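Quick notes on the structure that follows.
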């Protein structure tokens with residue numbers, strides 16, 4: 001049980017996909033201007049990452065390894081992610097048309113979000129079992145969502161702050177992301193390896 005708790009906390013804080021592994025930076029920078037959009041993107045990404053991790057583990061364990069088709073792993077995972085994203089897009093369109101319009105192009109771009117593919121590939125490379133894969137996908141997504149919401153809150157405050165002209169816009173956003181990354185590095189002392 002403590003292994004699962006360590007995996008959960010470690011993936012969210014210590015090995016955060018955005019601030020430590022630098023995966024998923026496109027939606028991190030692109031959707032982080034309004035809190036509602038960031039929360040919606042975080043929820044959609046959480047759903048996709050968790051479901052894609054589970055499906056990727058199942059396909060790898062039951063199809064690719066038994067048939068000795070491991071060389072098709074990346075292609076198979078990309079196809080799985082595309083199917084899961086299309087399913088998510090249909091669900092969001094039916095349940096929340098406003099969120100669907102707010103997310104715009106970023107919802108289909110979850111397909112190309114390298115964090116989603118990274119979670120699926122890392123699950124296999126780390127030798128996770130089914131529960132660990134599901135938990136790892138969920139924790140990575142929670143970490144992604146947490147960082148995105150925090151970053152969005154900071155960006156909203158910076159939008160009304162008196163920032164010097166050369167630092168306005170993306171410049172201060174990148175500086176803020178770097179400072180957040182440094183802050184999250186402090187969590188690495190929580191886990192002794």
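Glycine residues also receive a Cβ, built from the backbone N, Cα and C atoms like all the rest.
Taken from Swiss-Prot, the feature transmembrane segment covers 5-25 (among others), and the record attributes it to sequence analysis. Below 8 angstroms of C-beta separation, residues 45, 113-116, 118-119, 132, 135-136, 138-140, 142-144, 146-148, 177, 180-181, 184-185, 187-188, 190-191 of the same chain, each at least six residues beyond the ends of the transmembrane segment (5-25), sit close to that stretch.
Panel annotation: around the transmembrane segment (39-59), residues 24, 27, 31, 76-77, 80-81, 83-85, 87-88, 92, 96, 99, 102-103, 106-107, 110, 113, 115-116, 119-120, 123-124, 128, 130, 133-134, 136-138, 140-142, 144-146, 148-149 of the same chain, lying at least six beyond its termini, place a Cβ under 8 Å from a Cβ of the stretch. According to Swiss-Prot, the transmembrane segment annotation covers 39-59 (among others), on the basis of sequence analysis.
Residues 48, 52, 55-56, 110-111, 116-117, 120-121, 124 of the same chain, all 6+ positions outside the transmembrane segment (63-83), place their C-beta atoms under 8 angstroms from a C-beta of that stretch. Under the heading transmembrane segment, Swiss-Prot lists 63-83 (among others).
Look at Swiss-Prot and you will find 102-122 (among others) tagged as transmembrane segment.
Outside the transmembrane segment (134-154) by six or more residues, the chain places 4, 7-13, 16-19, 24, 27-28, 31-35, 37-39, 41-43, 45-54, 57, 115, 119-120, 122-123, 126, 128, 173, 176-177, 180, 184 with a CB less than 8 A from a CB of the stretch. The transmembrane segment feature in Swiss-Prot is assigned to 134-154 (among others); the stated evidence is sequence analysis.
Among the features that Swiss-Prot reports, transmembrane segment is placed at 171-191 (among others), with the record citing sequence analysis.
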